[in-house]
Amino acid sequence: MAAVLEVEIGGEAVREAAGEEVDLSELAPEERWRVEHARMHAKHRGHEAMHAEMVLILIATLVVAQLLLVQWKQRHQRSYNMVTLFQMWIVPVYFTVKLHWWRFLGIWFLFSIVTAFVTYKATRKPLVQTTPRLVYKWFLLLYKMSYATGIVGYIAVMFTLFGLNLLFRIKPEDAMDFGISLLFYGLYYGVLGRDFAEMCADYMASTIGFYSASGMPTKHLSDSVCAVCGQQIFVDVNEEGIIENTYRLSCNHVFHEFCIRGWCIVGKKQTCPYCKEKVDLKRMFSNPWERPHVMYGQLLDWLRYLVAWQPVIIGLVQGINYCLGLE
């Protein structure tokens, strides 16, 4: 029995018999998509029970994977963070090479070179005095760039949804591609930069000696020394600095502005680097224009699971479906 596939193209009905293939290369992109979409529906017609099984497998795998990841993070947080960071760094590269997204690959390569150099400097012993400020300035710059890129991408997406792109005679698909690309760049490099900054912060702070992940610090902190970078503080808390200001936490310990911003916002540390007292970020950054940076950092934490682990879980689900003969 010959199956007949009907696709509406340009107002005319195009019939594709079972032995008669339509040359997709001669069709416009939208028409080609319609033909492929109709073929997919014809292929999966009558597979409702099989599709229901696949949905149940997907839901069960997501629930089990989430429980396992939570337990792993609670019991062995260090290994969990390292594996997550590695996947965040490697997994998107596989898709970019497969889809020939050379622009993303070039930016990723440049980011990897600079970040590898900064990470190498941060993990050396003895630690050079200028290294902590170099590290925090780089990751703080990267964080602000990713934040700005994400905001521009979000605005571009919203403008497209409201049709404002037509005022500039920009096609909706071009405007949406531009916005989503910028949004992805901002979120991806924001997450990746924060994870590298957290790792470097632990190495540097423990090397300097004023901070220890577990136990007492190996050095005593004087009133005029920053516990993050170990260098002298010359600007008083009440004075306006030329390059940067000095911040005092609720525990009365003082730090350089770049250092404590890098430690708390970029490095994801919510405690004092010396005494481990809880830091109130809303109190420390009282300016309302600075608070979105804190909320943006929390958003990046939520999205880490989607970028690092979601492709792995989807791949596992596809493997299960393949073994069970589901399509």
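Any Cβ shown, glycine's included, is placed from N, Cα and C.
Per Swiss-Prot, the features are as follows:
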TRANSMEM  50-70  transmembrane segment
TRANSMEM  79-96  transmembrane segment
TRANSMEM  99-119  transmembrane segment
TRANSMEM  148-168  transmembrane segment
TRANSMEM  173-193  transmembrane segment
ZN_FING   226-276  zinc finger
Secondary structure content, the zinc finger (226-276) (per DSSP, counts of residues): 10 helix, 8 strand, 33 coil
Folded-back contacts onto the transmembrane segment (79-96), same chain, C-beta under 8 angstroms, at least six residues removed: 69, 72-73, 102, 104-105, 108, 112, 188, 191-192, 195-196, 198-199, 304, 307-309, 311-312
